[in-house]
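Q: Here you go, one structure.
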Amino acid sequence: MSIDQPKVAGDDSIPYRRPRGRRKRLKQREISIIQRSLILALSIICFLPTLCSAQDTVSSTSFSSTTSTSASSSRTTSSTASSVSSSASSSSSSSASTKTYSIPTLPTTATLPSLNVSSPLIQIVFPSTDLLFLTFSICTLTSNITLLPNILVSNSDPPSFDLGSKPTTDQSSGGTKSGGYNRRNNKNGNTWGITLDSGFGNWTFNSTDSGQTVSVNVLFGLGLGDDGSTLDEMDVEGGLIVQMSASEDAPMHSISPALPFLGDTTSTQALMFSSLLYTSESIEPTYPNYTLPPAQLPLNPFPSDGLSSSSLISGNTSLSNNLTLYIVPTDADSSPTTNGLEYSTCAINLAVNSTGSLAEKVILRTESDTPEWSNVEGQQGYRHHWAIGGLSAGTNYTSWIRDDQGVWTGPIWFTTKSDTFPCQLLLPTSFCPSISYSAPLPINSTSATTSSGDFISDTSPIQNLPDELIKVLSDNLDGFSNSLLSQACGRDLYSHVSTCADCFSSYRDWLCRLIIPQCSDPTIISEDDGSVLETVHRSSNNTRNGISFPYEYDELLPCLSICSEVDRKCPVNMGFRCPKRNQNANESYAFIGQDTDEGDGSEEGGMRSYDKYGGRWCNG
């Protein structure tokens, strides 16, 4: 049997195209709360797992809505399927009953009954254990979206939910770095308060070393004080629903600090990369047999027997297999971004169920167990990627990636270009492994459909460069390599901080970004100050380095840091120099201000070229 049928009701950003959904007025949300409640109710009934086998036992306990009662007088004890009622002295006539449920077996995931004005308290009792991992996700909020539940955990017998007046921070029990860690009534106490971060909370108990087993109780309260007994008066509509997962093996959900990477978008497509999973192992050449990579790099496939432990990215290795991409419109009423629930598994699933599985419109992607090598985001190594089609022009989207162990990365936000945007997405290639953006290249007219045959797009991302571009790249890379090898490569006379290999890699990235321009959308404006994104319009009859492009486009200039990187890592006597900011640098490169300490497109230079909202002000 199910519990009850629920009654459902940063960053260093740059000022371009923040998700509009974050600025919706509270009044608009309150007006639509009833309509959204009906939609979400159906979604939860059909989609979310409910707690089967839990036995419903109710313990009536009186609470004062204005004054705090003692923890002992408000305590609810239930170690079996039955409940024990305890009275609480109170001068107030208001009272609330605590619904208590016992969890017979683990692991389990439960969607709890709605917390609302008439039923603000739920208690969950777990069987005795010496190891327990709990995760919490807020599915829906009341009409007051700032009202969050207080989740209190106790492993004492009988349970006490009083955090006390001076709780301490307990990082070992759970929480997040960004949102804060859980609280504990004292250093060796038996009561914890769960700290929620964007709709996500977690708690871990481990007494395996001592062999002690305890019964864990969790109290969920809407308007509940830290003493576990005081209830505030609430004037809200609708209910708040929490989904809870419990396991004795490992957390069923967790948040990775890594983020997905947005390559670029067109009007209807987006190119997404997972966070870096494995660094690539490269052997540094040595003198006197110092060699440099060829113009066309060998893109080594992912080793079937895995990589050495030194190449693993801490915290991301479980993300290498069976990844699922999630995309929802940022401005949708059900969007987790709208209500600040970006880390909630339940809220994300509800949004996908409500808006449709946009991420299933895959044009191409890596194999589920085989990440591919690239150098995007300035990081060489193995990642997964997806090219998604069927999106709407000029629309804000939010994206996450999840693995089969319940680990989430994200969210990040992105905006599709206007419907007149002419360029196509270009995937990393063996000549330019760092290039993963839209470029003014000949159209790839390969159409794409879903596995069921539904139409997605009449074009596909470009996977191979035109022959004329390959010739220009090859000639320049070969010539630069020959000149560079005449230097003191592999010897201290060259540099104490850089190598010829570093110089050549930086030159390759610089050359690719100059030869292959990145298209931009001049219609995107800053939503902070209203200024238009600076771009350079290029016509089809204008040639660059002897290369012509088939249609007009607007170019996003390369970051000045792309040039400075080559200047810094290559020998001085090779004569590579970058233009000065206060002279003519703005004709070829993008930067901010005339001071060299201001933004040049790199993180070290004060402002990187992109932010997690999808804004990009230079090509780098």
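In case you wondered, yes, glycine gets a Cβ from its N, Cα and C as well.
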Q: Would you mind telling me which of 1-26, 313-338, 365-390 TrEMBL tags as region 'Disordered'?
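A: TrEMBL lists region 'Disordered' for residues 1-26.
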Q: Where DSSP helix means H, G or I and strand means E or B, what are the helix, strand and coil counts for the compositional bias 'Low complexity' (179-188)?
A: 0 helix, 4 strand, 6 coil
Q: Count the residues of the compositional bias 'Polar residues' (166-175) that DSSP assigns to helix (H, G, I), to strand (E, B) and to coil, and report the three numbers in that order.
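A: Each residue of the compositional bias 'Polar residues' (166-175) counted once, the result is 3 helix, 3 strand, 4 coil.
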